[in-house]
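Novice: From TrEMBL, here are the annotated features:
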COMPBIAS  7-21  compositional bias 'Polar residues'
REGION    1-42  region 'Disordered'
TRANSMEM  149-176  transmembrane segment
TRANSMEM  182-200  transmembrane segment
TRANSMEM  212-229  transmembrane segment
TRANSMEM  254-273  transmembrane segment
TRANSMEM  294-321  transmembrane segment
TRANSMEM  363-384  transmembrane segment
TRANSMEM  414-431  transmembrane segment
TRANSMEM  443-463  transmembrane segment
TRANSMEM  475-496  transmembrane segment
TRANSMEM  508-534  transmembrane segment
Amino acid sequence: MAKGVANISNSSGEISDGTSESNKDPLPNFDGAPSASGASENTRLSANQTYFAENRIKIPESSHEGFSFKKLWAFTGPGFLMSIAYLDPGNIESDLQSGTVAQYKLLWVLLSATLLGLLMQRLSARLGVVTGLHLAEMCYRQYRKLPRLIVWIMIEIAIIGSDMQEVIGTAIAIYLLSNRVIPIWAGVLITIIDTFTFLFLDKYGLRKLESFFAFLITIMGITFGYEYITSKPNAIGVMEGMFIPWCKDCDSRALLQAVGIVGAVIMPHNLYLHSALVKSRDIDRSKPEKVRDANMYYFIEAAVALLVSFVINVFVVSVFAHGLFQKTNAQLHQACLAHPTINASIFPINNEYVDADLYRGGIFLGCTYGLAAMYIWALGILAAGQSSTMTGTYAGQFAMEGFLNLQWPKWKRVLFTRTIAIVPTFCLAFFSNLEDLTSMNDILNAVMSLQLPFATIPTIAFTSNPQIMGEFVNGIGNMVASILLSIVVIGINTYFVVNTMNELDLHWFSLLLVIVVGIFYLLFCLYLVVHLIVSIGNTRLLRYDFVNKYVIGPVDATLDISPISYSRSQSESTIGTEIIEEKRF
């Protein structure tokens, strides 16, 4: 049997050759162009299922071999939209807290988490480029209905958790900019404008939307860079913290912050987002050299984008490491008295170390470096909140489109995804005080950390499956590195979640409920791991009826979801066509 043609048993234990009983015609060509058999992506899903179907950017041909800046510019965009998740208000708050608690000593954790993020984002982008399907769409084809719906719910929870952080961050920025005139709950309502901003910009083309996001990232770079230059942190300390992987004299608070950094940086829904954004470029997937080019340029673009996000995160850590490390509330209260218009009461008169958050961070900057520093900080947070809420809306749309094959008008999808996050956040803001609202960041990070396996496991499974990726399948090094690093991150996040649960001091009934949910959570993760093991080529598990019946497809014969070759070289495509012709005769 030719490489790229499926050889995994279907639910009846028979060997599948990439066709189903109800549809003997295809080896599908998912770039939308007709294949040799006349099958295309549109024969399986409606023509509107691809968000960028009518708005793809053409890739210019190069007159010479090798690297081309013209091509790189054509591919530039998706990586920067993806990188915004590394700069959302939740990440910014995690940065300032790590600087406050451990000074510069956790910068190496931030660097490591960003590199791990680059590895996983690369796999996500490769999946979209090679197959023409984003991660949620691939889940629709590779998982059975019940597990697929569970994964979708988990990803929606992650999107809601992230969106709540972003909405809260935006509301706090408005609260600071208005000098407490606009209350937090009103700021939450103002973020509804994001919906209309999104629809307005999207209407005028993808490049304009990408330019707007680039503008917001530039604002973050300028504002947080201004704070860095104004505060003048220890450059040597910054470099040592970045490249010396150790945390001398660190306590449990520093360890928890290190875990929080990893949990805040690696966003589960971001893998779904990136795999979909790369579909915005018009790539001829019938030519392996074009796919190879796209993978290279997308990796370069993602690396540059994450480098920019890393530098901005370093700015934030360094500013608060220099200004708030081992500073007491009484010291800051005294400093704020020199600025009557600033809310000095946020720092009680005691000798406890400052418990920093987005709001206190802004007040500290205003009291220490002047009112301009506070307003510039708020402007940066506002840019971070605005950009991340819009990319979160994108992620919600792609998840709904892919997991459910749901074709709603664009405005309905935007309104639905925004309302899910805004309603609970508004209730929380209206009935809680500012301290309760900002303390939600740790709980939301814990919630999103729990969803990480439902993004990393499918990504590794699909990109390591030769029947999906063809010649672009993960090598042994990639596979082992991504699996090991994912295990480490998931383990770290599990520790973070357990620690957060312990701090909540739950009643015995609530604790019992958490334990029961935890058991089901682990069992479902195990289910996904079994699917991953089979996907990467371990056929021994197929001897068990349970695996054949409940884990491996086909899921829906009308969509031909039994494992098939989504990507193959020209020679493999020819072989597949010959097999089809033999079947016809």
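Backbone N, Cα and C define each Cβ position, glycine as well.
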Novice: With Cβ distances under 8 Å as the criterion, find the stretch in 149-176, 414-431, 443-463, 475-496 that has the most pairs with the transmembrane segment (254-273).
Specialist: 443-463
Novice: Per the definition of 3+ C-beta pairs under 8 A with sequence separation of 6 or more, do the transmembrane segment (363-384) and the transmembrane segment (508-534) touch?
Specialist: no
Novice: Against which stretches of its own chain does the transmembrane segment (443-463) lie, if we need a Cβ under 8 Å and a gap of at least six residues from its ends?
Specialist: 90, 94, 120, 123-124, 126-127, 131, 135, 138-139, 142-143, 151, 154-155, 157-158, 161-162, 164-165, 260, 263-264, 266-272, 275, 469, 473-474, 478-479, 482-483, 486, 489-490, 493-494, 496-497, 500-501, 521, 525, 528-529, 531-532, 535-536
Novice: The transmembrane segment (414-431): which same-chain residues, six or more beyond its ends, come within Cβ distance under 8 Å?
Specialist: 156, 159-160, 163-164, 166-168, 171, 183-185, 187-189, 191-192, 194-195, 198-199, 389, 392-393, 396-397, 400, 408, 437, 440
Novice: Should anything in the same chain at least six residues away from the transmembrane segment (508-534) have a Cβ under 8 Å from its Cβ atoms, list it; otherwise answer none.
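Specialist: Apart from its flanks, the transmembrane segment (508-534) reaches 8, 142-143, 147, 150-151, 450, 453-454, 457-458, 460-461, 464, 501, 541-542, 547, 551-552.
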Novice: What residues elsewhere in the chain lie close to the transmembrane segment (212-229), defined as a C-beta under 8 angstroms and at least 6 residues from its ends?
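Specialist: Same-chain contacts beyond the ends: 80-81, 83-84, 87, 201, 308-309, 311-312, 315-316, 318-319, 365, 369, 373, 376-377, 379-380, 383-384, 386-387, 390-391.
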